Amino acid sequence: MSQDHCPSTRQSSQMPSVGHVEDTVGQYSYTEVSSFQVSEGNTRNMSPEPVKTGRIFMAAVAANLSAFVVGTCLGWTSPVAPKLKAEDTSDSPLDRPITSDEDAWISSLIAIGALMAPFVAGPLADRIGRKWVLLSSSLFFVLAFGINMGASEVWILYLSRLIQGFGVGFVMTVQPMYVGEISTDNVRGATGSLMQLFIVAGILYVYAIGPFVSYMALQWCCIVVPIIFDVVFYFMPESPHYFAGKGRKTDALRSLQFLRGQSAEGVHDEMAEIQSSVEEAMASKGTIMDLFKNPGNRKALFICAGLISFQQLSGINVVLFNSQSIFASANTGLDPAIATIIIGCVQVASSGLTPIVADRLGRKVMLLTSASVMTVGLTALGAFFYMQLVVGDISSVVWMPVPALVIYNIVYCTGFGPLPWAVLGEMFPANIKSSASSIVASTCWTLGFLVTYFYPALDALGSYYAFWLFAGFMVVAFFFVLFVVMETKGLSLQEIQDRLNSKSN
């Protein structure tokens with residue numbers, strides 16, 4: 001689960017031709033030579049072909065349909081938990097209500113699957129390709145929702161959530177890799193931000209449908225999404241970086257031509273750079289020990305692991321998994337299903353604005369704002385539940401839960417939601433980025449599991465304890481960002497490495 005350049009027009013006066021492209025009966029025939037280069041004469045006579053960025057976005061959106069599926073899994077428990085807890089089991093696959101402990105396991109087991117999956121998905125992406133790993137993630141989702149339909153025992157739901165977690169881990173490991181590799185520099189920020197947007201859109205999908213349809217109908221609504229993803233994404237090209245790494249130069253060239261909407265001559269410079277960068281990365285492959293031997297890498301790992309830890313300690317998974325139950329407990333008079341749909345809409349809108357705001361204000365400012373405002377929202381929510389459970393009079397604060405969670409979600413989706421992943425993509429050199437991503441992803445899902453599993457125990461003591469604890473973590477997060485995190489806005493990857501290693505300009 002990590003996130004992660006395409007050259008501008010360059011001079012190529014010493015570069016012989018990559019090959020010829022001949023149109024034969026509507027098909028392209030490629031004649032390869034030893035390297036991806038072009039002759040001086042061709043360069044002089046050709047004006048640069050424009051890149052058709054619409055094709056990049058088309059492939060990125062198709063890939064991000066997998067992130068939409070992830071969102072359906074993350075939001076699934078919010079409408080389903082009330083059905084499973086109800087004394088009336090007519091709309092539950094079980095013959096009895098689930099206990100609070102069983103509810104905790106159903107909510108949290110997805111994190112265990114997602115924790116293990118990156119160590120399989122990463123190597124598999126290098127072996128069979130990014131595209132086929134993403135397509136195969138749908139097998140986990142379809143199987144899980146199918147199991148849900150016949151889940152007559154609680155342990156079957158446990159198994160389903162574990163399998164969903166494997167699918168989530170596959171997507172969040174490989175999807176950012178694919179999107180980063182197909183994008184040009186000038187659109188990589190925009191395409192990279194689509195993942196957060198599609199995840200919250202998937203969450204909104206189940207928030208909006210789940211409360212108003214039967215348990216079985218919801219499973220059908222969810223199972224159709226990964227099937228649609230596979231049908232659409234099947235027609236998209238594999239990453240040209242993967243093909244180049246496998247020595248499949250003609251396939252790499254064809255993929256890049258499709259993504260850029262250019263001729264073979266038009267993409268030759270970029271293809272040459274991709275080939276060069278892939279060969280360099282393969283020659284200087286780093287190991288996991290390089291993360292700890294180098295002071296700059298240690299500092300980067302501390303920053304990234306810290307940010308992802310505070311992301312989970314903000315209580316976001318509690319909010320996602322239990323939104324409907326939270327509003328039901330708040331007893332505000334607003335239909336809990338409607339309240340969670342409001343939250344979902346807020347998340348989608350906020351995630352859509354994030355790239356614009358973050359690029360203008362910088363990562364550090366947005367993280368500081370996110371931590372401070374989330375502290376206020378969580379403190380207010382805790383105060384509401386304290387007055388409800390201890391004081392017994394909520395007449396003066398009955399309005400508080402909805403705006404508190406709305407504000408919380410806005411600043412999460414513009415700060416601690418997407419930015420820790422963006423920082424992760426910037427902090428490490430290419431040869432150890434996959435190792436760093438695996439460690440940070442493991443940290444993310446381990447804490448995600450612990451927070452989600454132990455929330456019901458805290459909730460039984462009093463909901464206000466949980467929300468005040470999350471608020472306390474956000475206070476610590478504020479000072480962590482203020483004194484430890486470095487601003488990366490406007491810095492090249494090399495400049496970031498120089499600063500991490502305390503090198504002067």
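Cβ atoms are placed via backbone N, Cα and C, with glycine included.
Automated prediction, rather than curation, is the source of TrEMBL annotations.
Here TrEMBL flags 1-16 as compositional bias 'Polar residues'.
Marked as region 'Disordered' by TrEMBL: 1-20.
What TrEMBL records for 56-77 (among others) is transmembrane segment. Taking Cβ pairs closer than 8 Å, the transmembrane segment (56-77) reaches residues 106-107, 110, 134, 137-138, 141, 144, 164, 167-168, 171-172, 175, 178-179, 182-184, 187, 190-191, 194-195, 197-207, 210, 218, 222, 225-226, 228-229, 232-233, 235-237, 259-260, 317, 320-322, 344 in its own chain, all 6 or more past its ends.
Taken from TrEMBL, the feature domain 'Major facilitator superfamily (MFS) profile' applies to 59-489.
Through the fold, the transmembrane segment (104-125) approaches residues 1, 73-74, 77, 81, 84, 98, 133, 154, 157-158, 161-170, 172-174, 177, 242, 317, 321-322, 434, 437-438, 441-442, 445-446, 448-450, 452-457 of its own chain, all at least 6 residues removed from its boundaries and within a Cβ separation under 8 Å. The annotation transmembrane segment is assigned in TrEMBL to 104-125 (among others).
For the transmembrane segment (132-149), the residues of the chain that approach it from at least six positions outside its boundaries are 63, 66, 69, 73, 93, 121, 124-125, 156-157, 159-161, 163-164, 166-167, 170-171, 174-175, 178, 216, 219, 222-223, 225-227, 229-230, 233-234, 238, judged by C-beta separation under 8 angstroms. Per TrEMBL, transmembrane segment is recorded for 132-149 (among others).
Here TrEMBL flags 155-178 (among others) as transmembrane segment.
The transmembrane segment annotation in TrEMBL covers 190-210 (among others). Here the transmembrane segment (190-210) has Cβ contacts under 8 Å with residues 3-4, 56-57, 60-61, 64-65, 67-76, 78-80, 175-176, 179-180, 182-183, 218, 221-222, 225, 320, 323-324, 337, 340-341, 343-345, 347-348, 351-352, 354-355, 413, 417-418, 421-422, 425 of the same chain, all six or more residues outside its ends.
Taken from TrEMBL, the feature transmembrane segment applies to 216-236 (among others). Panel annotation: around the transmembrane segment (216-236), residues 58-59, 62-63, 65-66, 68-69, 72, 76, 79-80, 93, 131, 134-135, 137-138, 141-142, 145-146, 148-149, 167, 202, 205-206, 209-210 of the same chain, lying at least six beyond its termini, place a Cβ under 8 Å from a Cβ of the stretch.
Residues or ranges marked as transmembrane segment in TrEMBL: 300-321 (among others).
Residues annotated as transmembrane segment in TrEMBL: 337-358 (among others).
As annotated by TrEMBL, transmembrane segment applies to 365-386 (among others). Long-range Cβ contacts of the transmembrane segment (365-386) within its own chain (Cβ-Cβ under 8 Å, at least 6 residues beyond either end) map to 307, 310, 314-315, 329-330, 357-358, 394, 397, 400-401, 404-405, 407-408, 410-412, 414-416, 419, 462-468, 470-471, 474-475, 477-478, 481-482, 485.
Taken from TrEMBL, the feature transmembrane segment covers 406-424 (among others). If one looks beyond the transmembrane segment (406-424) by at least 6 residues along the same chain, the residues whose Cβ comes under 8 Å of a Cβ in the stretch are 1-3, 176, 192-193, 195-196, 200, 303-304, 307-308, 310-311, 314, 316, 319, 342-343, 346-347, 350-351, 353-354, 357-358, 363, 366-367, 369-371, 373-374, 376-378, 381, 436-437, 440, 477, 485, 488.
Listed as Cβ neighbours of the transmembrane segment (436-458) (distance under 8 Å, sequence separation of 6 or more from its ends, same chain) are residues 1-2, 100-101, 103-105, 107-109, 111-112, 114-115, 118-119, 122, 165, 169, 172-173, 288, 291, 297, 300-301, 304-305, 308-309, 311-313, 315, 317-318, 321-322, 424, 427-428, 465-466, 469. Marked as transmembrane segment by TrEMBL: 436-458 (among others).
For 464-485 (among others), the entry in TrEMBL reads transmembrane segment.
Sequence-distant contacts of the transmembrane segment (155-178), counting only residues of its own chain at least 6 positions beyond either end whose CB sits under 8 Å from a CB of the stretch, comprise 1-4, 63-64, 66-67, 69-70, 73-74, 76, 84, 93, 105-106, 109-118, 120-122, 125, 130-131, 133-134, 136-141, 143-145, 147-148, 192, 195, 226, 239, 421, 425, 437, 441, 445. Within the chain carrying the transmembrane segment (300-321), a Cβ under 8 angstroms from the stretch's Cβ atoms is held by residues 74-75, 77-78, 81, 107, 111, 203, 291-292, 343, 367, 371, 374, 378, 405, 408-409, 412, 416-417, 419-421, 423-424, 427-428, 436, 439-440, 443-444, 447-448, 451-452, 455, 466-467, 470, 473-474, 476-477, 480-481, 484-486, 500, all 6 or more beyond its ends.
Same-chain neighbours of the transmembrane segment (464-485): 302-303, 306-307, 310, 313-315, 318, 363-364, 367-368, 371-372, 374-375, 378-379, 381-386, 389-390, 416, 423, 455, 458, counting only residues six or more beyond its ends whose CB sits under 8 Å from a CB of the stretch. On the 0 to 100 pLDDT scale, the domain 'Major facilitator superfamily (MFS) profile' (59-489) averages 85 in this prediction.
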